[in-house]
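The feature active site is assigned by TrEMBL to A:110. As annotated by TrEMBL, active site, proton donor/acceptor applies to A:150. Summarising the annotation, TrEMBL assigns active site, proton acceptor to A:247. Positions annotated as Mg(2+) binding site by TrEMBL: A:9, A:37, A:150, A:152, A:246, A:247. As annotated by TrEMBL, domain 'Endonuclease/exonuclease/phosphatase' applies to A:7-247. According to TrEMBL, the feature site 'Transition state stabilizer' maps to A:152. Positions annotated as site 'Important for catalytic activity' by TrEMBL: A:221. As annotated by TrEMBL, site 'Interaction with DNA substrate' applies to A:247.
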DNA sequence: CGTAATACG
C-alpha cells in the first residue's frame, strides 16, 4: 500500500480556507495531512471542513488565542493520537500531533520560532532536545518513524537564498543547525535531500519583502525518517506550485 | 506584509 503524507504550515487555517485550501486537498488527496499554525481555538473550527468527509481530523490548540496550533487529517484510523511530549511547557502551545499506526508513527510538529528573543530561542532549543528524546523512544517500537512539520531552521547554506547574511538570524544559527546535524548523525534522514541535491528548493518566503516571486526563500519544512525506515520512502518533494500560505506543502510517498 | 487579536512571525 502506498500512502501520500503531506505537511503544510497554513499560516492561519481560516485564511487558507479563503485561498482554496479545501479545493487543493480535494484535488491532491493526501492520505495523511499534518498542518501547522492553524491559529484556531476549539470553538473556531470551520464548518467547511465537513466537506472533507473522507478524513478524520484531530487537533491540538494553543492555550493562547489566535496562535500556533496543529491539526492532523487522516484517511486511516490511527491506533492512537497524542498532543504532547508529556511536559506542559512544550504541550500547551498546540505544537504536537503524534499519530501511531500499525506500521509507522507520524509526528506532525510546529517547532517554535526563535526570533523574538533569547528566551524563545532557548525554548526552541529545549523543544528540539525533548522532541529528539521522544523520537528515540518511539524508535524502539521498531516502526517507521516519520517526523514532519515546520522545523523553523534551514539546515545547510543550500537551504536558504542568503546564508551569509543570515548566520546571526534565528532560523540559521549554528546552534540551531547543530541540532539538525545531531539528528542526522543519530540516523535520521532528511527525506527531501536524500532524493534531491539541488539548490533553491525552498518552502517558505517572507511576505514582508514579497520574496516568493523572486524565490528568496528558506527550506524550513521537512519530513525526516529513521534510517531503518528510509527503504519505505519512495519519493519526497516540495510543492512550490501550491499557494495559500507563506509556506508551501512538502510530502513523502510511503510504501508499507 | 499578513494573520488574527495588540503580538507574532
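Each residue, glycine too, has its Cβ placed from N, Cα and C.
A TrEMBL annotation is a machine prediction, not a hand-curated record.
The secondary structure of residue A:247 (active site, proton acceptor), as reduced to three states from DSSP, is extended strand. For residue A:246 (Mg(2+) binding site) paired with residue A:221 (site 'Important for catalytic activity'), the C-alpha to C-alpha distance reads 12 Å.
Taking A:9, A:150, A:152, A:221 as the recorded positions under consideration, the smallest Cα distance to the residue listed as 'active site' is found for A:150. Per-residue pLDDT, averaged along the domain 'Endonuclease/exonuclease/phosphatase' (A:7-247), amounts to 98 for this model. For the recorded Mg(2+) site, residues A:9, A:37, A:150, A:152, A:246, A:247 set the reference point as the centre of their Cβ atoms, and the other residues of that chain within 8 Å of it by Cβ are A:11, A:36, A:110, A:204, A:220, A:221, A:245. Around residue A:150 (active site, proton donor/acceptor), the same-chain residues six or more apart in sequence whose CB sits under 8 Å from its CB are A:7, A:9, A:36, A:37, A:109, A:110, A:111, A:204, A:220, A:221, A:247, listed in sequence order. Residue A:221 (site 'Important for catalytic activity'): 23 other CB atoms within 10 A of its CB, across all protein chains. Listed binding-site residues: A:37, A:152, A:246; maximum Cβ neighbour count within 10 Å falls on A:37.
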